[in-house]
């Protein structure tokens, strides 16, 4: 009792403000607490209450469909097809019919589509006259299932139950709305009135505040709010006639409020509104139960016996279907309009005027033909017309306006009302016809003939055939429609309304609710709808019949005739709406634009690269200390034409005194010299075209010079000077003219000359090596002319020097050219070149030494003087940038004479010279003349013995294990033994001797200790077949890269798991939104990839936590995680994330397209927080998804950012513009912000990015803060030194507590440069030193500006050394050099910096007897020239001096020189070995370390280490330098690691 009292007090709490005149319990708008025991009964969202068990196919929720039940359209045609124009048997008016629909809208709204969207589509039979006249058989009318209670439909014990979206009480919700907020939106809050529009007698047009249903007008396709009024029922505007009924009650409320306001002027708006509402609801209840219902059913309603609290008044699905279908059979094809004077009005139409408004053209009408012109009068005329018009007969026939032209769902403008309700009955799970009859005590159907004896036999036969003559299968709706007396429908409807009355606590006749007095109740009972219409229309009471729901004979204003479809305008035929119409081009443009984002970014990066290159070139020009030669005023300016596909360039022509024409560029550098010494005349051809600007100067045996002048005067001036110059030089000038086009064709361009020389060399090598003619180029008739031209051409000195890769003025070229030019004409012919080449390619050592002797026997006296010997030596040294002084060269010469016993001689004969080279026969045997572009290419690989070929590729020495005494690998050989197989013996002899030399430390006592043979370390070597080899290689690969593989597999597994989890969730286990059914592929791809992106973009941060990685690499985790590969892993994750980003975008592109063609009813299920289904159908356009939603806009911005970041992060652009990479990569902050915003909108799912992001973000932030704390500390530079080769040496203070290991690196910034841009550099100082040092090479803008900043000139201006910001140290693989017994350090270019620190650290630790695992280090220094990094030579020299334990073996490879077995390099090699032997240091570097020529052969070198250190299981290889070099080292390591021998662990760093 107390609980009930509490509830009553709660619901009586005033909804507005407290008013003394309201003494009753105000009924809630949403229907709650009407029943105090069952609070939710009849409330908004309450379930429909079944009278019988659900009839579903699976007993749970699946609706019956074909073939278990007939096709809905066929059944509709069989049951409801028939002629219109038959009047109601009880003369029921059309007003009663549409009043009935208004009553249903008050207690029932089940049209809301269910979520997820489910469809029971209606398949139209082929050839249907209305929907498929073409007979395609493909027409399917969509039908969407209505909303259901989500907690039902899970099991047979709880089958699906639908819900009612309005209150289930007769409480005026169709007038005031089903919620308090809805009611407030309808009110004017003035005088207790409902808000009116401008006219005053009509509601306001909807403005979106009230969720009115706004379906499209099927006759015009129009939509929008125009013509849609704010009413209590969302569907109140469905047609003009239902709209008029709703407006009548709107007016009646305002009428009563005005009357009450006049009677009670002191009442507030709330008082007036609630009193008027109470009276309107009571009047509505009375009219429905006691006037309308008896008229409709033809039976009286049982007497009211009082409120029954335990009676369940809930609406039943049976009532929902029966009431709607019963009323539908009475709907006419049109509705009359009349005025109070009984004048029936004509209605204008598309082809004239008609007697009535056509129903099919009045659904959701937006036209300005009625209510918009004198709207209040028009409503009156409709209400009066309906009161005079007799409805259609209560039978099975439904007019075509409903059966064929009902407004359609989704894309179709029309559908079948009857077929739709048949599907709705199946959706509701209605019982069969017989089950329903038994429920209401009616006799079940046993025979088809008993069902409808009044109908034609043909109708029953069709229906019986559709149900296979099974009366038990007959469904409720068709059975009820075919009944002769509608007994079943009447019973269902009467039962429902009686239960609604008796179970309503707020029923107006319930005296216990104290709503009305007995007198007021009697007054309400006596109020009829006639009274209502009289009060709200302009008609007098006498203008209407007393009982407006029935028209009886003698009543005023009879209808002109019973309307049929033939009397009315034609129905607008069905149209199919294409939601994507007109969007295809724009959608495609957006897709193309998204795909072009990388291209646009590439273009921007290309522009940036061009600008950076231009700025860098300017900076280089500014920094260049070389003094450019000024072009003299005598030079003539012109443009040189290089060919049809090459741009012309500005040049200057100078006439030299020694019969030489020089072509200079704008800087004064000589581009080419044209010698006229061998010519008697000069041929010049002029163009005869208008303007006369071109000139061709023929240059025999070279390419021609074509000059273009800006004007004819310039060309004339050139000819005048040329003529004068030639006269002074006693040369003739021959001039001719021709058209410019012909002149260009006749000219021999540089490219053509290059092709001629290519043919020249091809046939030259073809003859020397005796290769096939097809390889050299077949001399067919078509090319014979060009070939003859090539073979008859002669090389100039410049072309000969270029072929050798040398300068034209070098002594070697001069000597060789003079020797080859037998006729002395200044050019080398094909035969002359062939003669000299044969000697070097096939000659014996004696023949080659004789050629060299003749080359430098300048006076040709048969003797080689010391001066000539010195000249020869200097010509060889010249190609190594003249690294030796004349004194050093003379010292080498004297020592070589002395070593051969010729110290007392001033001249050498050839025999003496050959004797001097006696120890180098093997080198001379392999010596060639290396022609640039040919020596190592196709030609040497075509006719050279295989053994020699291998050694030509391995042109440098490698290490071999020393043999025990008595097992020398060098047996005493005689000359005859070597001649048996000269290639094999010579090569093996050379290699073995080289191996011994590499192991020796010059100047030290050779260690006589023999290596102990560890049998455990030896691998069994046996031949395997290819399958076994592949298996072994795979095993070795797994063993070598197990840490990398485990990490990659683990990360990939997590990523795959994240993808699969999200994909599975949205495919099969997602919440009931139906998104998987809508866009299955798109949602799986987009959601799965989104999860992967969230995971990858979060944990990629850990790869950039440099401080954390530096710490962790010193822990046990380094045994399981390859921290050295952090950057590579970062790139790998980034690329994978990019792929998933593209997949995510592709998935959303699919989604956007599908969402753009999905109706609003589906979208409102998918995105309930964004869309509300108001019947307007039309989805948002594609551009709304891309640019007008938070996820769309942020997604596009993210794609732009990703494109920028990834393009600028590529190796190419990173090298060109590191600053661009630095700036764009810092967009990662914006990236994460946008990712968070992108997901926070929760369009599809709740934000999940934070799940992955929080932990990595905290770790990264901590790491970043640690770096920032160091970055802001200024470091003083102690010493700055500019070294050769653009290297800047900086020595600066070591911060307190700055502990680091050799091989680690730091990041520095210089604020004096006006930027906080940080760059990484490896420390070259050792950990034991008190200061830190860096060697920075100026190769980019920042490093070049840094070098300029620390130049003496700049320091003189600022008078102090600029300070640095320091961040680090950071660890990398190089710091692990001391974890291997044997380590190989390979440094190329500036990449030697980490090894400078390592070498110094090693020697220091060795000197203090520190315990070291590392027993031997091989340092390979690869440099273009020994002068490039002279500072490293100083460090190596210090290491050599301090290395007392023979820990370090240094090998220097000079790559600038020609190949090892080239003539020049051979002689340098001989001199180098002699210099080492005599002076115990290198001829080139001054170090005791061995100097080699060419590139290091890593595979043989590493292979030899396996033999020298057989007991070592793992050798560490550490490389740093250009990518090409590190790739070569990596390739060599992988190749050797395939074998079951020593494992080479490679750690590398590129720059």
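Positions of Cβ are set from backbone N, Cα and C atoms, glycine also.
Listed features, source TrEMBL:
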DOMAIN    808-843  domain 'EF-hand'
DOMAIN    844-879  domain 'EF-hand'
DOMAIN    1270-1376  domain 'FAD-binding FR-type'
REGION    963-982  region 'Disordered'
SIGNAL    1-18  signal peptide
TRANSMEM  585-611  transmembrane segment
TRANSMEM  1045-1067  transmembrane segment
TRANSMEM  1079-1102  transmembrane segment
TRANSMEM  1150-1171  transmembrane segment
TRANSMEM  1183-1209  transmembrane segment
TRANSMEM  1221-1243  transmembrane segment
Residues outside the transmembrane segment (1079-1102) whose C-beta sits under 8 Å from one of its C-beta atoms, at least 6 past its ends, are 1051, 1054-1055, 1058-1063, 1065-1067, 1108, 1130, 1133-1134, 1136-1137, 1140-1141, 1143-1144, 1146-1151, 1154-1155, 1231-1232, 1235, 1239, 1244-1245, 1248-1249, 1251-1253, 1255-1257, 1259-1260
Quick tally over 1045-1067, 1150-1171, 1183-1209 of CB pairs under 8 Å to the transmembrane segment (585-611) gives the top stretch as 1183-1209
Counted with DSSP (H/G/I as helix, E/B as strand, rest coil), the domain 'FAD-binding FR-type' (1270-1376) has 25 helix, 40 strand, 42 coil
Mean pLDDT across the domain 'EF-hand' (844-879) comes out at 69
For the transmembrane segment (1183-1209), the distant same-chain contacts (Cβ-Cβ under 8 Å, at least six residues beyond its ends) come to 586, 590, 594, 597-598, 600-602, 604-605, 1134, 1138, 1141, 1145, 1148, 1152, 1155-1156, 1170, 1217, 1220-1221, 1224-1225, 1227-1228, 1230-1231, 1234-1235, 1237-1241, 1243
